[in-house]
Amino acid sequence: MEERDHSDLQPEPVEDGWSDESDKEDEEGIEDILAVSPRTLRAPTEAASKNDRERSTLSSIVAEYADVELLRENERLKQQVLQLQTKLVRSQEVSLISAKVVDSRIAYREGRQFVEYKLQIETNTRGTLYVWHWYSTFRNLAATLQTENGHKRKEIPELPNKQLFGNFSDKIISDRVAKRNQFLEAATNAEYLQWDIRVDQDTCVYKRRVKSASRESISTASMQSSSPRSSSRLSMKSFSFRRGSTAGN
């Protein structure tokens with residue numbers, strides 16, 4: 001037998017039955033990827049953009065809701081501040097500077113005719129206030145000032161009894177206004193007198209007595225026996241609303 005050179009020996013090729021198929025499948029997969037439409041490729045990007053828009057919209061809604069709640073809370077706080085300021089103003093005493101009748105009107109109640117008088121009140125803190133009062137209000141205050149506190153009648157001008165008034169002519173009403181203003185001026189200027197005028201449910205104007213050298217002992221004794229808001233203070237409020245007097249501008 002002839003000996004063969006080992007160097008000439010070559011391995012016989014071995015056929016790989018699956019390698020060709022695998023390469024073919026890879027090629028087909030690549031072709032499938034390349035065959036995907038641009039719209040399909042854009043879908044994830046569009047979804048992400050949509051999510052971003054929805055997040056932005058939701059954030060805007062939350063922010064707007066928070067702003068609305070903040071505005072409501074601010075409004076509530078403003079109302080509370082106004083209420084507290086109103087209570088503070090009402091708690092501060094309003095002092096009388098002057099008072100006079102500036103107008104009159106004929107009114108009717110239960111078929112009866114009567115005259116109301118518009119009182120203009122100058123105050124220390126509330127400016128000018130107005131309130132309508134019946135004649136009986138002034139009459140009762142005058143009677144109280146003249147009798148209950150022992151003041152001489154000549155010191156406080158008298159007001160005619162209302163039964164004497166049966167005429168509603170302009171002249172008669174004008175005379176009544178003049179007499180009321182004389183009374184109010186005297187009652188306001190009398191330093192030893194203390195009284196008040198009810199303007200409305202929440203407002204009362206006070207005329208306080210003023211101490212002087214000649215009246216000091218009397219005033220001191222009076223103040224010691226009663227507080228500033230005690231029953232000894234003479235008041236128009238006791239009569240002003242019993243018959244329905246109303247405040248007006």
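Note: Cβ is positioned from N, Cα and C throughout, glycine not excepted.
Taken from TrEMBL, the feature region 'Disordered' covers 1-56 (among others).
The compositional bias 'Acidic residues' annotation in TrEMBL covers 13-31.
Annotated coiled coil per TrEMBL: 67-94, in sequence order.
As annotated by TrEMBL, domain 'PX' applies to 95-216.
The region 'Disordered' annotation in TrEMBL covers 217-249 (among others).
The compositional bias 'Low complexity' annotation in TrEMBL covers 219-243.
Remote same-chain residues near the coiled coil (67-94) are listed as 123-126, 202-206 (criterion: CB distance under 8 Å, separation of at least six residues from the stretch ends). Each residue in the domain 'PX' (95-216) has a pLDDT score, and their mean in this model is 80. Mapped onto DSSP classes, the domain 'PX' (95-216) shows 40 helix, 45 strand, 37 coil.
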